[in-house]
Each structure stands twice: as C-alpha cells, then as structure tokens.
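Asker: Supplied in structure tokens, the structure appears directly below.
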Amino acid sequence: MDFVAKNLTKLRETNPLVQNITNYVVMNSTANSLLALGASPVMAHAMDELEEMVSIASALVVNIGTLDEYWIPSMEKAAKIASDLKKPIILDPVGAGATKLRTKTALKILDFADISVLRGNFGEIAAVLGEHGKTRGVDSAAYDSNEAIELSKNAAKEFNTVSAVTGPVDYVSNGKEIYAISNGHPMLSKVTGTGCASTSIIGAFSAVDEPLKAAVSGLTVYGISAEMAFSEAPYPGTFQAKVYDWLYRIDEKLVFEKAKVNKFEI
C-alpha cells in the first residue's frame, strides 16, 4: 500500500505531538515507541493544563487501562476539548467487558466525543458494541476471521468511527470498506503494552492522514517492526528493545517489501 510508506515519511517530516492520557503500566514503552518512530509524545492528564495541551497537540490518545475517579474526568474533558477543536481522537478501551466501570467509561466517551479510531482486541470491541445490542457477547479467546470482519464493520457503523479490531490479523473498517493487515508476531502478546503502543502509533499517523488510512498505516508499520524485531531477538526482553530499534529503522523500502495488507469492499 503506497499510502503507508508515504505516511511514514510524512510523519517523520512533521514530528507530530501526540498527547496520551494513558495507563501507568505503559507510559514509558508508549513514549519510547513514539519517539523511535519519529513522533513526539506527551503524557498529560492534569485538568488545569488540558485546554493548553490539547490545543497544541496533533492528536489525542485516550487509554482506559488504569482508571480511577481522578483520571476519568480528565479523559472526558480532554476528549470534549479535542472534539471541539476537531483534533483526531484515538480511544483504546482496555479491558472493556471485564468490569462495568471500564465498559461504561468507554461507552460514555464514544457517545459524546468525535472518536476518530476505536482500537481494541476482539473482546474489547465486542464488549462496547454488545452494550449497544449488536453482538452475542464477549469472546476474545475464540473467534474466526468472518466474526472479526463483521465486528469491525458493525462497530464502525454503530459509533460512526473507524474500528480497528486487532489480533493475529488486524481488521480496520470505516463501515464501508475494510482492510486486513497480516503483519505482526505472536511475541507481541508476551510483552505488556504492545497493543497500547500500537494505539498511540495510530494517533501519530492520524496527524498526517484521515482515520482509516492512519489506522492501517500505524498497524502495518508496527507489525512489520515486530516481525523484524523477532528475527533478531526471539525472547521477550530483547524483543521489546528490538521493536524500538525497528520502529526507528523502518523505511519506505521495508514497508513496500514487507507489508501484507488487503482491502475489501463491504
């Protein structure tokens, strides 16, 4: 896909500032992933600086991984400001379906904010969509490609957004068309925060292209970087460091050689 390679170059030329309201577990790895890729991360959630920070950011990433009574209002306020300013907003509903608080928080943000991309695994996306009566329930352990395609399409339509259902194959849809991305490696599941990092990388690409292509670009680049990392470091600790290295090293030529992306009309 030509646009993935071009977006990578454009991202590095523009060095977008990506504001993350994310969880404690992944702040460091997310920031390092963005820096390695060529974006600028900022982790800012204080209520008193949100207006200033959102106004200068190129995109906002909201990740609900470690919710509490202080962070939720900050997430909601930031999403409202970003919507008013028409900034790209990427929502990662970490653990939606596991508790009522997580599901309710994700749904509230989806209901009032103009979310550009909703990125989660099958169970998380099914959970928020299930609350709207569109799915049979949450089952992230066992699903087939047709179910993932339908889920991505239905979530995009229901929430008027781009839905990225990530797994062994990533499915990204705007409700009208869908991309299947087969890049990545199972070792990603052995390192905490890799899904969260991919969400923030989508945020960086959202600063240089429309949501559908931004999501495809981010997931493709991250997936290729993971494949290359595993070829050099097949164990979790060194693999994580090598992912940073390949986010830094990946270029247009490697994207053209390694991208496994297919587009389907719905």
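All positions are counted from 1 along the displayed chain.
Glycine residues also receive a Cβ, built from the backbone N, Cα and C atoms like all the rest.
Annotations for this protein, taken from Swiss-Prot, read as follows:
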BINDING   MET43, GLY193  substrate binding site
BINDING   ARG119, THR166  ATP binding site
Asker: What does DSSP say about MET43 (substrate binding site): helix, strand or coil?
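Answerer: Strand, per DSSP.
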Asker: Please classify the secondary structure at THR166 (ATP binding site) using three-state DSSP.
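Answerer: Reduced to three states, the DSSP call for THR166 (ATP binding site) is strand.
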Asker: Quick one: Cα separation, GLY193 (substrate binding site) versus ARG119 (ATP binding site), in Å?
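Answerer: Distance between the two Cα atoms comes out at 13 Å.
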Asker: What's the CA to CA span in angstrom from MET43 (substrate binding site) over to ARG119 (ATP binding site)?
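Answerer: That separation, Cα to Cα, works out to 19 Å.
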Asker: Counting all other Cβ atoms within 10 Å across every protein chain shown, which of the binding-site residues MET43, ARG119 scores highest?
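Answerer: By the 10 Å Cβ neighbour count, ARG119 comes out on top.
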Asker: Please report the number of other Cβ atoms within 10 Å of the Cβ of GLY193 (substrate binding site).
Answerer: 22
